[in-house]
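Copied over from TrEMBL:
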DOMAIN    2-108  domain 'Glycosyl hydrolases family 2 sugar binding'
DOMAIN    131-200  domain 'Glycoside hydrolase family 2 immunoglobulin-like beta-sandwich'
DOMAIN    202-519  domain 'Glycoside hydrolase family 2 catalytic'
Ligand code: GCB
């Protein structure tokens, strides 16, 4: 790598969008640092090791082994013949490598936190700059649509008002830039950086999830960063294709199942008004799931060597880093701190309570949730009362009562009534789905056919429409994706509305018909034809 000649006297930073799951970074022969955790950015100051105008060799060693100190956790087993085998309890392939941008940049260490609100047509923007070298600060707020400066102020923190504010609106977007200029003692500019933000509010009121005080109904998918050939790597072309398909099908939201997605993708959601449930990589924290499918090897979840204090410490770190990365994003309206953990074992209470408190401390402005697994219904789950919303993954008609949609409908409705009665909180159905082989048809309700997937979705839709507390449906999954090998997966998970190469199954047509005409989803609809 060559360091630009003009960077003499500047701080020089190496920044990684992510390295999955662990990395050791070298500049020439010197180790500059290590990072643990696959889906978060990290950076190292290499000023003392490189020189402006010179070159250096950058080496990154990426390690794909997962153990119980990792989030997500895993286990490397030693087989009798000496081979080592990686096991893990999550249902997506453990792609490893440098999946996101690697940048060499020159800048002081600085960061800004932006929070917003509004009163009538006046927006309030509160900012707080953190910088390594103290000095005066000037800020300007720029309307990204018009390029006009709508407010100016001085100081490392404060609040300014925007007259006739454009709210960040689901389905539309609406961004401003906070332009922060760091100054020296003579008021000369040292550095300028820009942070985009949106003015919007989020609040829960009874069964309703309010964005800008309007009831919002989540429509869309749990997704994966997953493509043939590039695995979990970010690509702008795929990002545009996926977000255009979301728009085509009438989706207004998604969950970043089961880890934080690339910053490029999140920026795109901010720009286009796609509402995001932002999830940590805490998936597979469950030893109570059927050993057959997930091969847990038995034992309790919350015990030494499985999910223990070390796992919890890493989990806490993942929460801190996720909030630090995404707190300024208007698209993010809800944190999901785990997917389908064991929430029926008593150990779950002591494990989760500090994590929920930590999330609220890191971000007092957004609701906090976790995604509940089917084996932990309302009368068995021990942790749902710590959270602001109920998020449920339910597979009636697939993993239970497979092929019997009538029984499924009754059981699902009864369960939802139980949640509604007990918790009196909004319910988002974060997963429901059926594996489907594109092109397979039957005149009967036969699992794995496209016809069954549609019938299954119709049944689910009916259940949601009849439950007042349901404020969202995110089908599993947007597209077929790769998983670890196992007898329950034929070339990966096939629950996609789209195939892995993004061709629509019959289900996609069904969902488009439903979602583009739903009255409940009027607020936040993205009009595909208008764009
Ligand atoms: C789930 C998990 C998801 C799986 C899905 C399935 O509940 O959250 O990661 O892929 O079920 O298809 O079994």
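Any Cβ shown, glycine's included, is placed from N, Cα and C.
Unlike curated entries, TrEMBL annotations are predicted automatically.
Taken as a whole, the domain 'Glycosyl hydrolases family 2 sugar binding' (2-108) shows an average pLDDT of 95 in this prediction. Secondary structure counts, DSSP: the domain 'Glycoside hydrolase family 2 immunoglobulin-like beta-sandwich' (131-200) has 0 helix, 41 strand, 29 coil. The domain 'Glycosyl hydrolases family 2 sugar binding' (2-108): residue composition by secondary structure is 6 helix, 47 strand, 54 coil, according to DSSP.
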